[in-house]
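Inspection log for the structure reproduced underneath, given as structure tokens.
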Amino acid sequence: MASSSYFLLAALFALVSWQAIASDPSPLQDFCVADNNSRVFVNGVVCKDPKDVTADDFFKAAELDKPRMTNKVGSNVTLINVMQLAGLNTLGISIARIDYAPLGQNPPHTHPRATEILTVLEGTLYVGFVTSNPNNTLLSKVLNKGDVFVFPVGLIHFQFNPNPHVPAVAIAALSSQNPGAITIANAVFGSKPPISDDVLAKAFQVEKRTIDWLQAQFWENNHY
Ligand SMILES: *[C@@H]1O[C@H](CO)[C@@H](O)[C@H](O)[C@H]1NC(C)=O
Ligand SMILES: *[C@@H]1O[C@H](CO)[C@@H](O)[C@H](O)[C@H]1NC(C)=O
Ligand SMILES: *[C@@H]1O[C@H](CO)[C@@H](O)[C@H](O)[C@H]1NC(C)=O
């Protein structure tokens, strides 16, 4: 008896502390629909008066059904975060549709505030993430329609469509109302102003002119 209540307590404590360290803070009421017009800054967005909240605050019409134009790297991420859907405020979740051209990719990037779970709707994807230092192990997989893969919070990950003829489509859920994205190449070689080429030449162990060439490229984003 004593040991089973100890177990229950331990399980409860684990649950509570897990919630406390989950990506976004847990809501303290049913919802906190973002008031987009408030000039007050908080960690998140201030709540709209619950009396003024309607179903439309939780709704986004026909947004993720349409194929998207892809960019230079061959992808387009359509993210529905709290900026697009005010009802997501404080709920710790968002959703994205990702379109991949034949041989297109969602290049190596990280989400500083979210774990991502992805499923393939159409086509095939080669996906992976790299563990943190010192091991930097690549964990990768080829996904077919209906397969599911998880990218842990903060880790560098990518998706690539290996098919030269057929596009691919994925849906991803992310454990933040505002996951953020850092595309590695864009952040490192496309920062404004540029990072000193002395720094990058040493960091990447290449000639400065290689860095200058990389910095001269147009680092287009695939999130809009
Ligand atoms: C993504 O697709 C939309 C709709 O086709 C388009 O307006 C937008 O420019 C595309 N973004 C990128 C980065 O290709
Ligand atoms: C909130 O405001 C931003 C910037 O003014 C706008 O881009 C966005 O669409 C608005 N979001 C909602 C849910 O109204
Ligand atoms: C990292 O690599 C070392 C040496 O190969 C190994 O002993 C250790 O288990 C690895 N750690 C993880 C988390 O994979």
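Numbering starts at 1 and runs along the chain as it is shown here.
Note: Cβ is positioned from N, Cα and C throughout, glycine not excepted.
Whatever TrEMBL says is automated annotation, not expert-curated.
Now, the feature entries from TrEMBL:
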SIGNAL    1-22  signal peptide
DISULFID  CYS32-CYS47  disulfide bond
DOMAIN    62-212  domain 'Cupin type-1'
BINDING   ASN106, HIS111, GLU116  oxalate binding site
BINDING   HIS109, HIS111, GLU116, HIS157  Mn(2+) binding site
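TrEMBL feature annotations superimposed on the structure.
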residue : record               : CB count, 10 Å
CYS32   : disulfide bond       : 22
CYS47   : disulfide bond       : 19
ASN106  : oxalate binding site : 29
HIS109  : Mn(2+) binding site  : 22
HIS111  : oxalate binding site : 24
GLU116  : oxalate binding site : 22
HIS157  : Mn(2+) binding site  : 22
DSSP says CYS32 (disulfide bond), in three-state terms, is coil
The recorded positions listed are CYS32, CYS47, HIS157; by CA-CA distance, the one closest to ASN106 (oxalate binding site) is HIS157
Those same-chain residues, other than ASN106, HIS111, GLU116, found with Cβ within 8 Å of the centroid of the oxalate-site Cβ atoms are VAL77, ALA96, HIS109, THR110, ALA114, LEU118, PHE151, HIS157, ALA172, LEU174, PRO179, ALA181
CYS47 (disulfide bond) to HIS157 (Mn(2+) binding site), Cα to Cα, whole Å, comes out at 33
Rounded to a whole number of Å, the separation of the Cα atoms of CYS32 (disulfide bond) and GLU116 (oxalate binding site) comes to 23
Here the Cα-Cα span from HIS111 (oxalate binding site) to HIS157 (Mn(2+) binding site), rounded to a whole number of angstrom, reaches 9
Quick note, HIS157 (Mn(2+) binding site) and GLU116 (oxalate binding site): C-alpha atoms separated, nearest Å, by 10
Quick note, HIS109 (Mn(2+) binding site) and GLU116 (oxalate binding site): C-alpha atoms separated, nearest Å, by 12
By a three-class reduction of DSSP, GLU116 (oxalate binding site) is assigned strand
For Mn(2+), residues beyond HIS109, HIS111, GLU116, HIS157 with C-beta within 8 angstroms of the site's Cβ centre include exactly THR110, ALA114, PHE129, PHE151, LEU155, ILE156, PRO179, ALA181
